[in-house]
Amino acid sequence: MKVAVLGAGAWGTALAGHLAARHDTLLWARDAALIAGLQARHENSRYLDGIALPDALRYDADLGAALAHGAADDALCVIAAPVAGLRTLCHAMRDAGCVPAHVVWVCKGFEADTHLLPHQVIAAELPEQHSNGVLSGPSFAREVGQSLPVALTVASTSAECRERTLAAFHHGAMRIYTGDDVVGVEVGGAVKNVLAIATGIADGLGLGLNARAALITRGLAEMSRLGVALGGRAETFTGLTGLGDLILTATGDLSRNRTVGLQLAAGRTLNDILGALGHVAEGVRCAQAVLAIARAQSIEMPITEAVCGVLFDGIAPRDAVSGLLRRDARAE
């Protein structure tokens, strides 16, 4: 199978390396210098340093060439751009006059200004594209790059997209499950990043494992309420792309969103934290969108509200936690 991966960040690079072990894979990035480095060293020293990439993996800064590769009869196009760059990439794909027939994306979050999920952006920008879906689940790019075991879910209303994604990814240490709840999978992937900031704050304040467990459990309730209101199915949120992804992101030391929370608890400013990270922390980008959507739907999301207060309203992390503890008692 031919596979084109659009986006050479940490996740796109790790997935491309996995795919190249079995398929004719091409990794695209618009940054010619990044592509030149990949070609010379077979390592993404900028985003995934220390991970050797397969010799068979090919690289290109020409979007047209990448799209042509992913548009072959027996091919798949994987969009690994962040949500913030998804619409721009769709524009470029359309302008190139070559939209692959089968597309799966791996980005997580809501578009900041429109509050749209990725599948809604795809539908608006590539209306002729119908065989598409989302690949998501509990996964750190570095561990995938190291060929450690991982389980992901592809959700699509297209059986052909599900089957093609399964054929591309389900090998080696990667197990793929299939489903059709695109909304539920996308909401889980977006909200868990915000909740991971909350658990990072609690851990950074030394509040203990009991507090972490409470935040994860009550955070899952927030995620599920929002997801069901937007059209997802409740059972999706107890699966890999809901609870599974939340546990990993809220507790794993490789989690950028958890790191943001830890550093906020240590008294660092958000600007300093993001500057030092050097990578995207999607929870920061989409926290306000999640809260705005919840309020528009009249859905109570107190943990998300507390995170937004710390990130954007100058509320001290300890005061935000105290506010959660002062909430009225209620039935679970």
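Keep in mind that glycine also has a Cβ here, set from the backbone N, Cα and C atoms.
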Given Swiss-Prot annotates TRP11, ARG30, ALA141, ARG256, VAL280, GLU282 as NADPH-binding, which of LYS108, LYS192 belongs to that site as well?
LYS108
How many other Cβ atoms sit within 10 Å of the Cβ of ASN257 (sn-glycerol 3-phosphate binding site)?
27
NADPH site residues TRP11, ARG30, LYS108, ALA141, ARG256, VAL280, GLU282: biggest Cα-Cα distance, Å?
24
Select the closest residue to SER139 (sn-glycerol 3-phosphate binding site) from the following binding-site residues, measuring between CA atoms: ARG30, ARG256, VAL280, GLU282.
ARG256
Counting every protein chain present, what is the number of Cβ atoms, excluding its own, within 10 Å of the Cβ of VAL280 (NADPH binding site)?
22
